[in-house]
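Lifted from Swiss-Prot, the feature list:
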type	residues	note
BINDING	Thr11, Gly12, Ser13, Ile14, Arg38, Asn39, Asn125, Glu127, Gly208	NADPH binding site
BINDING	Lys126, Ser152, Glu153, Ser179, His202, Ser215, Asn220, Lys221, Glu224	1-deoxy-D-xylulose 5-phosphate binding site
BINDING	Asp151, Glu153, Glu224	Mn(2+) binding site
Amino acid sequence: MQKRLTLLGSTGSIGDSTLDVVARHPERFSVYALTAHRNGDKLVEQCLRFQPEVAVVGDADTAASVAAKLREAGCKTEITYGPQALVDVSKSDGCDTVVAAIVGAAGLAPSLAAARAGKRILLANKEALVMSGAIFMDAVRDNGAVLLPVDSEHNAIFQCLPREAALHGGVSKIILTASGGPFRTREPATLVEVTPDEACKHPNWVMGRKISVDSATMMNKGLEVIEAHWLFNLPGERIEVLIHPQSVIHSMVSYADGSVLAQLGNPDMRTPIAHALAFPDRVDSGVAQLDLLQVASLSFEKPDYTRFPCLALAVKALAEGGLASAALNAANEIAVEAFLARQIGFMAIAQVVDAVLNALPNRSAHALEDVIEADAAARRAAAEFIARLPDGARRTERAVQ
């Protein structure tokens, strides 16, 4: 039976990769809805190729522009806009599968709507679990939704776990691998000089600018630790991070009998996307087979928290529980945005996040409203902290110890 997809964030890198896989298997997948924020021209191209019933954009002006271009081309796709429109296409009866690929907190509401509607959810938006882990997982369970991880690391773990996962014993720990990003071997004292363009040059993966910066700070890996906690029901002390510069082993599961199962493959997001789209089947992803003879070596090392203080902050937020992870994510989004705008230096990202976590009281999350309030408070606190940084100090902050 053909799956009908809503693709949240279709114009981003995950969206591109998803549509590449979809195009290879028209008998298996069709597109019900595509969504973008402001990249109207690219969305028009996608609509003309995949002919979705609905397309969603961020604002009225972009909607009018996209609608006019589609009418001129004879495309009948309906154009809507705004946050509620994202929620509507995520819970619509027109789709059975939602690919959640919107970056950041903006993806929480539509992802949660898909869970409450009992959809099959391919989760690439890790912030949904980072911000509202218990609330999100309860919605998945209570409404019969199916949650399949698309992040390469979590998809790798999913492939290495028995279907009953860690709840039934036998799993000692899971091991998330990380490339270490572009600054793995750079002298820590020089990281204050890093530019946005340097931070966005990932050695192995092709990603958007925000997630590229998160990879460079290793905040991305920290968020993945939190995500893994919720996905696989494991405490933080049973989730290990290892730097693996080759990005060939995407993650591992260690078992009580001494076995370690690993998932290997070329670093291309189409592999985990194809796995999740077709699960439990396997389909061609378009990714070349891994040639083990060409893999010169596989190396591993422990992450350096002095070089990567954001990873330490994320692990700390998970241990604290409550709304700490939501505050961490919000502060990081504001700090990364400021860094990309050249308002603060690279190492100030961790300083901003640390300051926000120390300034805001932590409390339990009982409802989505609690998460939204914590997110807003952390964003305000981060912006205020950035505004107070002296101009001359913004690029010379020391790392959080």
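A Cβ is built for glycine as well, from the same backbone N, Cα and C atoms used for every other residue.
Neighbour counts of Cβ atoms within 10 Å were taken for the binding-site residues Arg38, Lys126, His202; the minimum is at Arg38. When the binding-site residues Lys126, His202, Asn220, Glu224 are ranked by how far their Cα is from the Cα of Arg38 (NADPH binding site), Lys126 comes first. In sequence order, Asp151 are the binding-site residues from Thr11, Ser13, Asp151, Gly208 with a C-alpha within 10 Å of the C-alpha of Lys126 (1-deoxy-D-xylulose 5-phosphate binding site). Under DSSP, Thr11 (NADPH binding site) is assigned to coil, being neither helix nor strand in the three-state scheme. Pairwise Cα distances among Thr11, Gly12, Ser13, Ile14, Arg38, Asn39, Asn125, Glu127, Gly208, which the record gives as the binders of NADPH, peak at 22 Å. Pairwise Cα distances among Lys126, Ser152, Glu153, Ser179, His202, Ser215, Asn220, Lys221, Glu224, which the record gives as the binders of 1-deoxy-D-xylulose 5-phosphate, peak at 19 Å. Those residues of the chain, other than Asp151, Glu153, Glu224, with a C-beta within 8 angstroms of the mean position of the Mn(2+) site C-beta atoms are Lys126, Pro149, Ser152, His154, Asn155, Leu176, Asn220, Lys221, Glu227, Ala228, Ser251. Summary: among the binding-site residues (Thr11, Ser13, Asn125, Asn220), the fewest other C-beta atoms within 10 A of the C-beta are counted at Ser13.
Ser13 (NADPH binding site) sits 12 Å from Asp151 (Mn(2+) binding site), taking the Cα positions as reference.
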